[in-house]
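A.B. asks: One structure is given below, represented as structure tokens, and several questions about it will come after.
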Amino acid sequence: MASALIISNLTQEWLESLRQWHLEYFFIPTTVITVATLLANPVLVSCIFLSRALRQETRYLLVANTLTADILYLILNMATIICNALRVPIPWLVCELVTAITVTTYCCAILTVTLMVVDTYAAVRWPLRYHDVLPPARTHRILVGVWVLAALYPFTLLIMMEMEKGNPHEVAFCLALISLGFFQVNNLEGVHIYFFVAALICALLIFVCYIQLYMVTRTHGIWHSRFSRARVTLLAHGVLLLLYFAPGFLFTLELFLFQEKAISQDVRVWISTVNMSVFMLLPRAFAPYLYGLRYREISKTLMQLLHQHRRLGQTTVS
């Protein structure tokens, strides 16, 4: 009962801060970014799986997995924001489940973009053995393992939270920060440390792979031109990786600040709202357009599918 009262008071204070600073207007950029991304992502995923050549290559399967994780994340995030904006009471179990799935999809995207860099390094470092080591069947098993690994920790927390007594039946405001932060304060210290260390390991692995890639290819002449394809690709992927990882590190900071009494509630609300409504959505907005434009095979397949659809439409009309 005490836990239910604490969570109720906390969500009520959070709502008051949102109203005081008129942060509901962040719903506008959230909607725009989400709609733009959900229009593009399914198209690219369909291109990859409809093309036999693309779905046989590891890098495109990794791209499809990243985009799929992003689609699920955006749908859950948008549904949560709509329910919060309409003040729809949400069962506590549903809120916990949505939090666990949302964290899983975000972690899966981070793990997959990390694997994309590792895959690029492996393809450049061992070009003759690459296809034998990573056939499509093995890539599928690796992706299943990525989803299981991404889901392991959040769903373990979900089970532990459900075992707690005195949880509320419904909440007026569902937020991953409140769910995980409240559990961290009352049961398990260091939830934020787990996310920080996991993200740091992935970031260091990416950094090492890029350094090794440069060392392997520096004598090939692909870095000499200032605007070479290699430089532009590295810059584009570097910016995208930064956009994926920065909100994750910011979320670990939010979890840390959640139990700091010296930090005002308004500061927490501002950081959480901006991070959830803008920063976490930016990489998902840029990813489909970056992959669609930078990967020639995907753009060619997309154009072929569009031409086929156009011819079919003309044939039907005639």
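Here the Cβ of each residue, glycine as well, is placed from N, Cα and C on the backbone.
Those TrEMBL annotations? Automatic predictions, nothing curated.
Remember, it's a predicted structure, so these values are computed and weren't measured experimentally.
Annotation source TrEMBL lists domain 'G-protein coupled receptors family 1 profile' at 40-291. The transmembrane segment feature in TrEMBL is assigned to 25-51, 71-90, 97-122, 142-161, 191-213, 234-257, 269-291.
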A.B. asks: Taking only the residues in the domain 'G-protein coupled receptors family 1 profile' (40-291), give me the average pLDDT of this model.
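C.D. replies: Per the prediction, mean pLDDT sits at 88 for the domain 'G-protein coupled receptors family 1 profile' (40-291).
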A.B. asks: State the residues, same chain only, that lie 6 or more residues beyond the ends of the transmembrane segment (71-90) and have a CB under 8 A from a CB inside it; answer 'none' if no residue qualifies.
C.D. replies: 15, 24, 27, 30-31, 34, 37-38, 41-42, 45, 98, 101-102, 105-106, 109, 170-175, 276-277, 280-281, 284
A.B. asks: For the transmembrane segment (142-161), find every same-chain residue at least 6 residues outside the stretch whose CB is under 8 Å from a CB in it, and list them.
C.D. replies: 61-62, 65, 96-97, 99-101, 103-105, 107-108, 111-112, 115, 167, 179-180, 183, 187-188, 191, 194
